[in-house]
Ligand code: EPS
């Protein structure tokens, strides 16, 4: 499966076309809108989120609530576009219009502005920032919602939550079921299951906002029910953990990724890292622990997948950092109109979508996937084969 996204942050709309879905997958706009709304929430978001109310329009690939096997086309309109019709107009511009003439010549440190401008020859760096904006993650979440629907049909469940914001850490995660974790997280303004830590995270966001600064954090995605053996140990480019790592780091402002014990493994002995293998009639092969986070040799083990990503603080700051105007080459200290002081909770929903997409794609790539009913049966047979192997 593949998907492409298009759209500028303050342009008319964002679009994605998804190709390669099996026919016969139940899918409605509500399935997608639910996740779009989850991405818009989160303590620390700026004023833009009060303008937008993201809703998907499905214009291809679905008939009577089922996928057809043809490409699925999804569009989410930008409500803010009505304020930007001149600056972001599609038609050739009127050179005398003062508003249209206003260009962005002052790159923000840490953003794509300067290097993106150099790359495409955009001396008006609005041409860069409009596309590098995390607004694009809206349709990545839409594509992820479709992937999640496919995973759900195959008995694979996915959740995401926030572990850390601005140096405030949640206590060790413990939950009886993924449903319990989800319920706690969905009711938290920072998507954190630890209510006491959540309170401190919100205080840290308030302080950052007051200081005109921004803060980052760590998010975690957990997947249950993934069948063993998806991915590859024979091809570097089909290793499923590697695909997840790329997907996580491709999210705006994400700088690192880890699985299971993650970077902590560097400080442990092998016997404290590897998971002992056990077998039971009911569950087949499992592991006594899950320190490796659901992967061995680039393949899923059938244990829960546990992947974390680190998000840097957003680089659009009220507190100015020094930069250089590309027209005058003079230093300046920028002030900005609006920004999010923390988008980590929203980013956890994006990470969930990115992981769901990679898992669904890997399944579709590895098993016969023209028809959803056949895929379901194939996965059931694969699980049974693995149990008795
Ligand atoms: C963003 C800047 C802000 C965010 C935006 C990402 O938008 P604006 O420049 O319009 O104030 O709100 O995020 C979204 C619009 C979104 O949907 O997540 C940036 O520069 O990356």
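Every residue, even glycine, has its Cβ placed from backbone N, Cα and C.
Annotated range for region 'Disordered' in TrEMBL, selecting from 72-94, 95-117, 118-140: 95-117. 316 are the binding-site residues among 253, 312, 316 whose C-beta comes within less than 6 Å of an atom of ligand 1, given in sequence order.
Secondary structure of the region 'Disordered' (95-117), assigned with DSSP and counted as helix (H, G, I), strand (E, B) and coil, comes to 9 helix, 0 strand, 14 coil. Sparsest Cβ environment among the binding-site residues 45, 131, 312 (other Cβ atoms counted within 10 Å): 312. Between the C-alpha atoms of residue 39 (NADP(+) binding site) and residue 316 (FMN binding site), the distance comes to 19 Å.
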